Amino acid sequence: MAMTMTQKILASHAGLDSVKSGELIKVKLDLVLGNDITTPVAINEFNKIGSNKVFHKEKVAIVPDHFTPNKDIKSAEQCKCVREFAKDKDIKNYFEIGQMGIEHALIPEKGLAVCGDVIIGADSHTCTYGALGAFSTGVGSTDMAAGMATGEAWFKVPEAIKFVLNGKLSPWVSGKDIILHIIGMIGVDGALYNSMEFTGEGVGELSMDDRFTIANMAIEAGAKNGIFPVDEKTIEYVKEHSNRSYTVYEADEDAEYVKTIEIDLSKIPPTVAFPHIPENTRTIDEVGEIKIDQVVIGSCTNGRIGDLRVAAKVLKGRKVNSNVRTIIFPATQSIYLQAMKEGLLEIFIESGAVVSTPTCGPCLGGHMGILAKGERAVATTNRNFTGRMGHVESEVYLASPAVAAASAVTGKISSPEEVV
């Protein structure tokens, strides 16, 4: 029976020769992930199960990243709860401040996700690891609890949409523009409980950072997961970051897809998602005159070293607009250190931007950049729902690091070509 890439991974982890869409299966897990918001709830449910230990001390990862460094007493209590649980259960992959980072940048960096894995995380953007040719998806805290106790999870096998990427990207266009373009095409429910499977010669043109960004936002189209084929770039990344063995799965040529969508990368311009939904996209030349108050460059979507290099290229030798608060979040300590070694932090600081420790921060309206009533932000984050970054009457425009950096300089949503 012909299967998609996702179906092959799920079949293997279910101990089955084949699976078909709609089938309910029990799957063995390679990693169970949680953060400082979702894990306390999972701990409560885990304790109800009555298990004295997690299924595997090295296959559970907990990353306090949303409200860390602790923003208030309540968040400090949550992190204390998580910290004590990790110590009590001898969880090896607990990442304290100083080692932590934004979880979906940190997990691949630490080699905890490799090709062919099945990963669940109590965070919707767990789908990021599909960039490595893994099946990864977000779940609720109760599913995380069950996963920690049993090492297994139930899934309904998803159907798939095939995205064939062709051509090469134009200057200043990145993975963020690709996924915003796709979400603008199909809508936020356009891939509902489907696997978004990316293929085509254009995949080879994309950096791993681009692939992480695209897979990260598959959930914004309603997808169960997003996944890329494994190529030389993938293998190089995995070998650089992990000593684990891995398995490469390929979709069968005659696998069934709900539909196939062709994407010409050369025709995608810098793209911006307007409030208050990621599907509300416009190309940069359709934006018009929109003044802004804040720029956020970072998050699990666009806080990697490649993203910071692009932002620095735009900001080098320039000053951010005096009316724009510009906040930059390296996604992990390692990325922060690399940015320092490359002189990127100096460029940011000299431009008038501020550089934060790794944290999700303002992305979810947590801290470190909350918007007031009537304020607008350009952000490299993944969601722009009403009140997402602060006041319900604030606005968030989603864009790439290049567009965000250019907008910081001009004080309005701008193409990098206007600045560089």
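Placement of Cβ uses the backbone N, Cα and C atoms for every residue, glycine included.
Quick look at what Swiss-Prot lists:
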- Cys300, Cys360, Cys363: [4Fe-4S] cluster binding site (BINDING)
Around Cys300 ([4Fe-4S] cluster binding site), which residues of its chain at least 6 apart sit with Cβ under 8 Å of its Cβ? Ile102, Glu103, His104, Ala105, His125, Thr128, Asn216, Ala331, Cys360, Cys363, Asn382
Name them in sequence order: residues not among Cys300, Cys360, Cys363 whose Cβ is within 8 Å of the mean position of the Cβ atoms defining the [4Fe-4S] cluster site. Asp65, His66, Ile102, His104, His125, Gly298, Ser299, Thr301, Gly303, Thr359, Gly361, Leu364, Thr381, Asn382
Determine the Cβ neighbour count for Cys363 ([4Fe-4S] cluster binding site): the number of other Cβ atoms within 10 Å of its Cβ. 27
